[in-house]
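Structure, as structure tokens:
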């Protein structure tokens, strides 16, 4: 069984006198910085000078400065900027100002695992990864609960890396919901696999194929959209709350029998073999090398040729109209 911690297992005392620099003030940076501040920690914000987030962070009551200055002043540098710029920001501003005994902290371990950042051996390397978006991290904290997180220590130079890791996890509220111990390697590989095979890639492809199957058989696109896309959230919510078996016990008998007997026909052993291939391409570095190459050549335009497939697909054209019915104030 995985090692776990609850809020009562952890003390903030080991990091009460330390300064934590949150690098970045996007969705996660905003939420985690404010939660830590509200928990009584000494938080500073490191940002690109003149960036859009500077004024917002100041308005929220934070002391804001350049990334370089924040790195100099902090004991723990908690890096929450987008993955693909972490390497360059580290090279330009963090690395030159990093000194012995500090900690580099992340909410996703890819930059260290794939050596986009080559950290020295005289600092701690830690990770606190809330399993939810920043908005939920803040919302659950304000509700006196939290968003569960997975935590890891890759390098414990000071002998106090776990105190730092668990302290931050407690301060952002995640320990209230529960913490699970992982490793940088495990977090990166499982996170990317989930995104590609299931949560984003697999789910989007499954829904699109189901929509096409109904429309090609002569059914109205609007009805197909409701049946295979809109209602998906109802099922996912049940699975998240009650588990897969709990979902089966809460749907109709017809849905239960049909799903139990036909589901394996749709997601068969061939699909599982393809999932194994996706996992192997993550594990052996194939995906990382492909992604880095694409990003270096094309930047964010690397998405365009793939996004265009969905932009022009009938499911999106129908979906925009259907969503207007349910969310008339929505601006997509």
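Placed from the backbone N, Cα and C atoms, the Cβ positions cover glycine too.
Because the structure is a prediction, the values reported are computed rather than measured.
Take the CB of residue 108 (active site) and look out to 10 A: across all protein chains shown you find 20 other CB atoms. Per Swiss-Prot, the feature active site maps to 108; the stated evidence is sequence analysis.
Within its own chain, residue 83 (NADP(+) binding site) has 108, 110, 111, 116 as residues 6 or more apart in sequence whose C-beta sits under 8 angstroms from its own. Annotated NADP(+) binding site per Swiss-Prot: 25, 26, 27, 28, 48, 53, 83, 84, 85, 86, 134, in sequence order, evidence recorded as sequence analysis.
Counting every protein chain shown, the number of other Cβ atoms lying within 10 Å of the Cβ of residue 231 (Mg(2+) 2 binding site) is 11. The Mg(2+) 2 binding site feature in Swiss-Prot is assigned to 191, 227, 231; the stated evidence is sequence analysis.
Residues within less than 8 Å, Cβ to Cβ, of residue 195 (Mg(2+) 1 binding site) and separated from it by at least 6 positions along the same chain comprise 201. What Swiss-Prot lists as Mg(2+) 1 binding site is 191, 195, and the listing cites sequence analysis.
In this structure, residue 252 (substrate binding site) belongs to neither helix nor strand by DSSP; it is coil. Under the heading substrate binding site, Swiss-Prot lists 252.
The domain 'KARI N-terminal Rossmann' feature in Swiss-Prot is assigned to 1-182; the stated evidence is sequence analysis.
As annotated by Swiss-Prot, domain 'KARI C-terminal knotted' applies to 183-329, with the evidence given as sequence analysis. Confidence across the domain 'KARI C-terminal knotted' (183-329), taken as the mean pLDDT and rounded to a whole number, stands at 95.
Across the binding-site residues listed here (25, 134), the residue whose Cβ sits among the most other Cβ atoms within 10 Å is 25.
Using Cα positions, the member of the binding-site residues 27, 48, 85 nearest to residue 227 (Mg(2+) 2 binding site) is identified as 27. Taking the binding-site residues 191, 227 in turn and counting surrounding C-beta atoms within 10 angstroms, the largest count is reached at 191. Cα-Cα distance from residue 134 (NADP(+) binding site) to residue 191 (Mg(2+) 2 binding site): 17 Å (rounded to the nearest whole number).
Closest to residue 48 (NADP(+) binding site) by Cα-Cα distance, out of the binding-site residues 191, 231, 252, is 191. A helical conformation is recorded for residue 83 (NADP(+) binding site) in the three-state DSSP classification.
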